[in-house]
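These notes concern the structure reproduced below.
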Amino acid sequence: MTHNKVVIIGSGPAGHTAAIYLARGELKPVMYEGMLANGIAAGGQLTTTTDVENFPGFPDGINGTTLTENFRAQSLRFGTEIITETVSKLDLSSRPFKYWLEGAEEEEPHTADSVILATGASARRLHITGEDTYWQAGISACAVCDGAVPIYRNKPLAVVGGGDSAAEEAQFLTKYGSKVYVLVRRDKLRASPIMAKRLLANPKVEVLWNTVAEEAQGDGKLLNNLRIKNTNTNEVSDLQVNGLFYAIGHIPATKLVAEQIELDEAGYIKTINGTPRTSIPGFFAAGDVQDKVFRQAITSAGSGCQAALLAMHYLEELEDTD
């Protein structure tokens, strides 16, 4: 059993930013970066992104994996201890907090005075044929992140979804694509009236009602065609597009705390006044695990900074009361 002042669970931009601040504050943070935790490699969703062009400091853009490697190197430089194991159980019912590692659930728990949960969220996927082949090679789950990438410029694109996110992403993509198709499984949008009105009024948008994606096709390197099916007639046809964007929601990685802390209706951790602070003193939630609105690398990093500063303050108060 080991005890640490502060433990970070997760290794995306939120986790590493928190680690950098805490390490520079000489609090000797320990990060559990996970081993395919939540089905994603250490580093989080950025590791599945090829070109990141909207993170400050990289005027020519940077590969997502390279960016996460830079985060990791910077965390290590200032003294963060990074452990490539997955936390499988977390007990927030008493202090110090207790946690167990995957494969060692029956052993004595490790403990920490403060915990920052930065486990992120994963995009919902359709799991259609060809999806894995063309993921980040024509298929994406973030139009804001990837829409401006050269492979999509002046090309026909498609968005899957019928809610506000789909409407917003489709309109965003009209800045770059020659045309944007919106695939809606039903005969009406779930989007709010004002968002639906804007979408339907956009001359570069065509909504394909009662339509689902069946198969992603291409040349083995980039997507160039989508097999679609009409849910009323079962007719299958081809839709020539160079980009397919999913806007069907995200799944926050809250399994560790789902029964211990309040979640919102979408499953995200509820925090206090827009900060990473939660209803449990000393436990903080940073990044996409508590952010269903922005979901950007830069906002996650900012959230990690806030969590670190709040954790520092909490630990100082804890020392004063001892």
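Each residue, glycine too, has its Cβ placed from N, Cα and C.
According to Swiss-Prot, the protein has these features:
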{"type": "BINDING", "residues": "Ser11, Gly12, Pro13, Ala14, Ile40, Ala41, Gln45, Asn54, Val87, Cys145, Asp288, Arg295, Gln296, Ala297", "note": "FAD binding site"}
{"type": "DISULFID", "residues": "Cys142-Cys145", "note": "disulfide bond"}
{"type": "MOD_RES", "residues": "Ser192", "note": "phosphoserine"}
{"type": "MOD_RES", "residues": "Thr278", "note": "phosphothreonine"}
{"type": "MOD_RES", "residues": "Ser279", "note": "phosphoserine"}
Assigned element (helix, strand, coil) containing Gln296 (FAD binding site), judged by DSSP = coil
Where Cys142 (disulfide bond) and Gln296 (FAD binding site) are concerned, what is their Cα separation in Å, rounded?
-> 9
Candidates Cys145, Ser192, Thr278, Ser279 (recorded positions) - the one closest to Gln296 (FAD binding site) by CA = Cys145
Sort the recorded positions Ser11, Thr278, Asp288 by C-alpha distance from Ser192 (phosphoserine) and give me just the closest.
-> Asp288
How many other Cβ atoms sit within 10 Å of the Cβ of Ser192 (phosphoserine)?
-> 12
